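Database features, via TrEMBL:
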type	residues	note
COILED	27-54	coiled coil
COMPBIAS	84-99	compositional bias 'Polar residues'
COMPBIAS	125-135	compositional bias 'Acidic residues'
REGION	66-139	region 'Disordered'
Amino acid sequence: VLVEAGDSAVYTPSLMHEEQVDVLDRLDFVLRNITELRQEVEELRKSLQHLAAEIVGEVKSHLEETQRLTRRRRFPPPRERSDSTGSSSIYFTASSGAANTDDGESEGGYTTANAESDYDRESERESEEGEDEVSCETVRTARRDSLDLVNEDETHLILDSSVEEGMGQLLQQADQLHNGDDQEKREGFQLLLNNKLVYADQKDFLWRLARAHSDMYEITEDIEEKKSYASDGKQEIEAALQKWDQCAECHQWYAILCGQLSEHESIQKRIQVGYVFKEHIDKAISLKPDDPKSYYLLGRWCYQVSHLGWLEKKTAAALFEAPPTATVQDALQNFLRVEELSPGFSKAGRVYIAKCYRDLGNNSAALLWMNLASELPVNTKE
C-alpha cells in the first residue's frame with residue numbers, strides 16, 4: 001500500500017519484504033533450472049560415450065569375426081598352375097592361358113586399337129576406391145582404440161605383427177584364387193583391390209595385384225577392357241620396381257604385362273617391347289634361378305624368336321643394329337630346365353618340348369612328350 005507523505009509516496013516495510021521474497025523465489029527457480037540443465041547435459045554426455053563405446057565394440061567384434069572366418073576357411077585343393085603365359089602373338093608376348101599347340105605359329109595379331117578409357121568402368125572404380133577409404137579408416141580407428149593403454153613402442157610392434165598376420169592370410173587366399181577358375185580369379189582381383197589402401201606399401205602384395213590384373217586381362221573379352229587391365233597392372237608393377245628392383249617376381253610380372261599390352265600395338269612397338277621382355281626375364285632368373293616360371297617364359301621367347309616371320313625379321317633388322325636371335329635348341333633347353341625344377345609344371349611347357357623336338361627332327365621324343373602332356377589335367381585355357 002502507498003502512504004501519503006506530502007507530495008511523495010513511499011513503500012511500506014511490508015511491501016519491501018514481499019518484493020525481496022519474490023526476487024528470491026525467482027532466483028531459486030533459475031538455480032533449479034540450471035541444475036536440471038546441467039544434469040541433462042551430463043546424462044547426454046554419458047549417453048554419447050556409451051554409444052561411442054558400443055560402436056567401437058561392434059567394429060572390433062566384426063574385425064575379430066572376420067579374422068576367425070578367414071582362419072577357418074577351407075580352400076579347395078591346389079589346381080593346375082595357371083601359366084599366365086600363353087600367347088598367339090609374336091615372340092615376346094607372354095599372356096596367360098592361350099598356348100598354341102598347333103604345328104604352325106601365327107604371325108598375325110597386328111591390329112592396333114585406341115586406348116580410350118571406359119567411362120562407366122572408371123566411375124565404378126572411383127566409387128569402389130571411395131568405399132575402400134571409408135572401410136580402411138574404420139579399421140585404423142578400431143586399431144587405435146584397442147591400443148589406447150599400450151605404450152608407443154609396444155604399439156608399433158603390435159601393429160606390425162597384426163599387419164603381417166593379416167597380409168599373410170590375404171596373400172594365401174589370393175594365391176588360391178589365382179590358381180582357380182575364371183570366377184575365382186575375378187574374386188581374387190577384387191579381394192586385392194579392396195585391400196590396396198592397407199597394403200599398398202608391401203612388395204608381396206603389389207606384385208600379386210599386378211598378377212591379378214594380368215588374370216583379368218586373360219579372362220576379359222572386350223579389347224578396351226583388356227588394354228585397361230594390362231595398362232593398370234603395368235603401372236602397379238612399375239611402382240613396385242622403383243622400390244624393389246631386386247624382386248624377381250616384380251621383374252617377371254612386369255615382363256608379362258608389357259607383353260600383354262604390346263599385343264594391341266604396332267609390329268614396331270611389339271618388337272621393341274620384345275627387348276624389354278627379355279631384359280626383365282633375364283633379371284628375374286639372375287635374382288631367383290630356381291623359379292621354373294621364368295625359364296618357361298624365356299623358353300617361349302626363344303621359340304617365338306626362332307620362328308619369326310619374314311615381316312618381323314625385316315622390321316627388326318631395320319629398327320635395330322642387332323636384331324634378337326634365338327634357336328629352337330635354346331628354347332628346348334629352357335623348357336627342359338622347367339621340367340627339371342618342377343616336373344609337370346605346365347601342360348603347355350610339355351607341348352612346347354614336343355614341338356621343339358619335332359622341329360629338330362626327333363619325332364619319337366616329340367611323341368613321348370606329347371603323351372606326357374596329355375597326362376596333365378586341363379585346368380587352364382591352354
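Just so you know, the numbers here start at 1 and follow the chain as drawn.
Cβ coordinates come from backbone N, Cα and C, glycine included.
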Give residue numbers and ranges for long-range contacts of the coiled coil (27-54): same chain, 6 or more residues beyond its ends, CB-CB under 8 A.
none
In the predicted model, what is the mean pLDDT computed over the coiled coil (27-54)?
81
